[in-house]
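Colleague: Below are the structure tokens for one structure; questions will follow.
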Amino acid sequence: MESKDGARETISEESTVITKNEWTFFNPAQKFNRDISIEVVKECFKDRASIRVLDAMSATGLRGIRYLKEIGNSIVYLNDISQSSVDTIRSNVLLNGIEDAEYFGSDLQGIKESGNARANVVKSDCNVLMTSLPCFFDVIDIDPFGSCSEYIDSALRAIRHKGILCLTATDKGVLCSNERKCLIKYSTSIMKGMGMNEVPLRTIVSLVSRQASKFDCSVEPVMSLSIDFYVRIFLRIVRRNPRSVVERNSHVLMCVCHNLAEIRSGQREIDSRCSNCSRRMRLCGPFWNGPLHDVKVIQGVLGGMNGGNKRLLGILRYLEQEIPTMFYYEIPRLCSLLGISTIKQSRLMHALANMGYQVSYTHSELNAIKTNAPIASINKVLILSGAGDQERMEELGVEFNGNEGVKALESIEFFKGLLKSGMGPLPLPRKH
């Protein structure tokens, strides 16, 4: 919300106010990003007396000041490389009535010796800052313009045991469909058109897990979200069990018919011929093959909400019911490949669940499902539904309704109309 205070224009978000000028970068589409970050950090550290939070690219200070005002046990370090941004941060800290503040400039060693203030403003390259303070922060929030890949190593050095690494990547187009750039930036080979909005999540978590193993660390995904034009990922960094990286990352054979075949570590023989259509499949990956969310954290956040933020509530409910299988199936795309009319999502879910398979919605794509059913079974259901052959349905035991588990999912209010904000990225403001 924007307003004028005399000659000064301001922007308010929740309880935080910042000044607005021609070089202020504020994207209202990222409010959800900030909202969920507050809730995740609050839930993960609710039993801690104090936590150190790094807002690595603070810009106006909005995100960091919200951490300060909404998480009572936080000590926040608001960093930016730009002097004009640092001046703005200091001004906005005072504007929000935070007097317990300290300014370090580029005195990174002074940070270790201090720590008495709740708000700490720093002027530094964030990679230099994180490298200079090993195992120092409980939370590191990295929200760049573009890729997050170049900051991961430094963040892993600076995060404490069981700290939370919060990553944003706004280059979702690269992660979804630019095969060459994705391989260069994220060291993962992708296939355009396959589970497009979940591929970025499993690509980034895989990259972080592989980088973490170099520092004798492992990762535990807390939440992984593919929202609008960006992805937002929360990872718990555990300073042990680096060997889990081998078990938790897989290559995947992908086919244009949407068949998938996971290749686990140590698998000696690989048949690249598709079992569904007999075409040659394409080798992609590595991808994170484990769960993308910690359901206990999600339930904890849901339990503490008052229901006012319907978009946040709906997306958390989506995450809570998602099954951990790799990727999802877009119903219109599958029906197009089969040359049949699109069927309702609910019919496919009921049929597969009645056949004994796991099914769920996915927050990544509204008209898609997650399931552990093989593509052959999915196609069989789609074809039977399109043909309307009741005798054949009964013969194969396919029922398109009546599954209690799916009924329970259908009864949940997900606020589907709010899943997408309809807003896109903004250009960076001119330099000051």
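Any Cβ shown, glycine's included, is placed from N, Cα and C.
Pulled from Swiss-Prot, these are the listed features:
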- ARG34, ARG63, ASP80, VAL128: S-adenosyl-L-methionine binding site (BINDING)
- CYS255, CYS257, CYS274, CYS277: Zn(2+) binding site (BINDING)
- 9-382: domain 'Trm1 methyltransferase' (DOMAIN)
Colleague: Any same-chain residues 6+ apart from VAL128 (S-adenosyl-L-methionine binding site) with CB under 8 Å of its CB? Would you list them in sequence order, or say none?
Modeller: LEU108
Colleague: Which of the listed binding-site residues (ARG34, ARG63) has the least company, meaning the fewest other Cβ atoms within 10 Å of its Cβ?
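Modeller: With the binding-site residues ARG34, ARG63, fewest surrounding Cβ atoms within 10 Å: ARG34.
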Colleague: Could you tally the C-beta atoms, other than its own, that fall within 10 angstroms of the C-beta of CYS255 (Zn(2+) binding site)?
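Modeller: Cβ-Cβ neighbours of CYS255 (Zn(2+) binding site) within 10 Å number 22.
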Colleague: Enter the number of other CB atoms within 10 angstroms of the CB of CYS274 (Zn(2+) binding site).
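Modeller: The answer is 21 other Cβ atoms.
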Colleague: So around the Zn(2+) site, CYS255, CYS257, CYS274, CYS277 aside, which residues have their CB within 8 A of the centroid of those CB atoms?
Modeller: VAL256, HIS258, ASN259, SER275, ASN276, SER278, ARG279, MET281, ILE375
Colleague: Can you tell me how far the Cα of CYS277 (Zn(2+) binding site) sits from the Cα of ASP80 (S-adenosyl-L-methionine binding site), in Å?
Modeller: 53
Colleague: Roughly where does the domain 'Trm1 methyltransferase' (9-382) sit in mean pLDDT, to the nearest integer?
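Modeller: So the average pLDDT across the domain 'Trm1 methyltransferase' (9-382) works out to 95.
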Colleague: Find the shortest Cα-Cα separation between CYS274 (Zn(2+) binding site) and the binding-site residues ARG34, ARG63, ASP80, and name the residue that gives it.
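Modeller: For CYS274 (Zn(2+) binding site), the closest Cα among ARG34, ARG63, ASP80 is found at ARG34.
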Colleague: Using the alpha carbons only, what distance in Å do you get between CYS255 (Zn(2+) binding site) and ARG63 (S-adenosyl-L-methionine binding site) once rounded?
Modeller: 42
Colleague: Distance check, please: Cα of ARG34 (S-adenosyl-L-methionine binding site) against Cα of CYS257 (Zn(2+) binding site), rounded to an integer number of angstrom.
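Modeller: The Cα atom of ARG34 (S-adenosyl-L-methionine binding site) is 38 Å away from the Cα atom of CYS257 (Zn(2+) binding site).
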Colleague: C-alpha of ASP80 (S-adenosyl-L-methionine binding site) to C-alpha of CYS257 (Zn(2+) binding site): distance in Å?
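Modeller: Distance (Cα to Cα, whole Å): 47 Å.
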Colleague: Taking the Cβ of CYS257 (Zn(2+) binding site) as reference, which residues of that chain separated by at least 6 in sequence fall under 8 Å from it?
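Modeller: Sequence-distant Cβ neighbours: CYS274, ASN276, CYS277, ARG279, LEU337, ILE375.
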Colleague: Of the residues named as S-adenosyl-L-methionine binders, ARG34, ARG63, ASP80, VAL128, how far apart in Å are the Cα atoms of the most distant pair?
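Modeller: Largest Cα to Cα distance for the S-adenosyl-L-methionine-binding set is 24 Å.
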